[in-house]
Amino acid sequence: MSLSKTDTDLDQEKYLREATRHFYGIEKPLKYGPSVETLNDLIQALYAEFSTNYVNIEMVNHLMLSYKSNPKEWQKFAKFDRYKYTRNLVDTGNGKFNLMILCWGEGHGSTIHDHSDSHCFMKMLKGELREIRYAMPTTTTTGTAAEGNTSNTTSMESDLERQESLDEIGQRTMSLNDVAYINDNLGLHRVENTSHSDTAVSLHLYCPPFDSCSVFEKNSGQRVKCTMTFWSKHGQKVTYDK
């Protein structure tokens, strides 16, 4: 039997979601912030930051900026797949946040997606990634990944007529130890490894954590709900029932 969230958990989640309305990220570590020497230091500092209802999201951003990549610390979590990028869970943050490592083979990229009204921090640990941002579409048709085709052709055609292509609002190349921040108030994004000779590794923090998001088709703006899975957890391959 699953346990319901405590009032404290719900208060923190509400506070974090409301913070996405006005937080835009910081570009440099805070002058008064603590230093982070190792990946374990980062994890322990995050636990401390999320121990109260009112998380200082600037401090979370500072911690991600302060950590300097050390492959000896994260290599055990870095699991690659030949055909697609992988999501590898590092720590669940007692349900308060998810910390994971994403591994990008040559030419691998994500879909255009949102972040389920949560904060997303992405830090480069190895290589380079290109982030392309899009404005949130004003009108979309929502479905689910399991729905597939529909027999209601007239309704589907009507929905498609109301859809809009996604407007690109910017892009950047992320290099070693760079940190990007995004939330749904700032738009959607797509991330890709444009190199055909080098892999890339990135560290991601999501708060509150989420297990599904919406992916978008660029030309139509059509939105589809997608369940998110992990390739590995704590360094061990995950096997899902078929």
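Please read every residue number as a count from 1 along the shown chain.
Quick reminder: no glycine exception, Cβ is built from N, Cα and C everywhere.
As written in TrEMBL, here are the features:
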type: BINDING; residues: HIS113, HIS115, HIS189; note: Fe cation binding site
type: COMPBIAS; residues: 139-155; note: compositional bias 'Low complexity'
type: REGION; residues: 139-159; note: region 'Disordered'
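The Fe cation site is defined by HIS113, HIS115, HIS189, and by the 8 Å test on Cβ atoms against their centroid, the other residues of the chain that qualify are SER110, ILE112, ASP114, CYS120, ILE182, ASP184, LEU188, ARG190, CYS213. All protein chains considered, the CB of HIS115 (Fe cation binding site) has 19 other CB atoms within 10 Å. For HIS113 (Fe cation binding site), the number of other Cβ atoms no farther than 10 Å from its own Cβ, over all displayed protein chains, is 20. Within 10 Å of the Cβ of HIS189 (Fe cation binding site) there are 21 other Cβ atoms, across all protein chains.
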